[in-house]
């Protein structure tokens, strides 16, 4: 009998780097061995304009929402929209801050990123996060030579969460989807500075994750083709051929956590440490 992993969507919304949320989400999900989260990380969300696309993404792929947003208006908007969608939302810091306020008899400052020391390392991480968000999913292809790392791979190989994890360590990371039969952007092919690495996984793993990705999605997917194992095998074959042609390294993420994948990438170029 096939031992299938159940996947669920875990949305992590932060007005800072997102490290607190990522740690909390992984600590909680580790207690449920039968289910594995598909992480969607949204750092540096500080106004309504930035938040609205995030809420749409949650509506497209419902799951659990954890957030650390100190702005009360934005936090209320998250809760209201999640209630409308029938999605559980948890303000991770609010119970802790309330306990502090009661004990100390003083209100919190509600200052974004207050836990971070404003040193050069912090600003480098913020710069890397901004770069990574601007260059997610093939955006701004003319800037790839400004990246430290460019991650490529077919859909559902953990490109975005790995990019965010690296950015939280000050590594400017872009990611580009490999689409079967579609040439890669010229900006990538002429880039000389970044480490270019391709993420792959087994056909079964990708099919399972894609099946869970389209749960609740009402449009935008050719469902049968998107999860078809034969089609996925062809996509992987195409990705491997591109990497062989350009001598780009491959990392299999099937049994790797995001942290392990990031460590494997950094190991390919020690100066990133």
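Positions of Cβ are set from backbone N, Cα and C atoms, glycine also.
Per Swiss-Prot, the features are:
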| type | residues | note |
| --- | --- | --- |
| BINDING | 153, 154, 155, 156, 157, 158, 159, 160 | ADP binding site |
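Feature map: annotations from Swiss-Prot on the structure.
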residue	record	Cβ contacts under 8 Å, 6 or more apart
153	ADP binding site	159, 175, 177, 178, 198, 199, 200, 239
154	ADP binding site	177, 178, 179, 180, 200, 206, 232, 235, 236, 239
155	ADP binding site	177, 206, 210, 226, 235
156	ADP binding site	201, 206, 209, 210, 213
157	ADP binding site	199, 200, 201, 206, 253
158	ADP binding site	199, 253, 258, 261
160	ADP binding site	40, 41, 136, 137, 175
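Reduced to three states, the DSSP call for residue 157 (ADP binding site) is coil. Same-chain residues that are not part of 153, 154, 155, 156, 157, 158, 159, 160 yet have a Cβ within 8 Å of the Cβ center of the ADP site turn out to be 175, 177, 199.
The 10 Å shell around the Cβ of residue 159 (ADP binding site) contains 27 further Cβ atoms across the protein chains shown.
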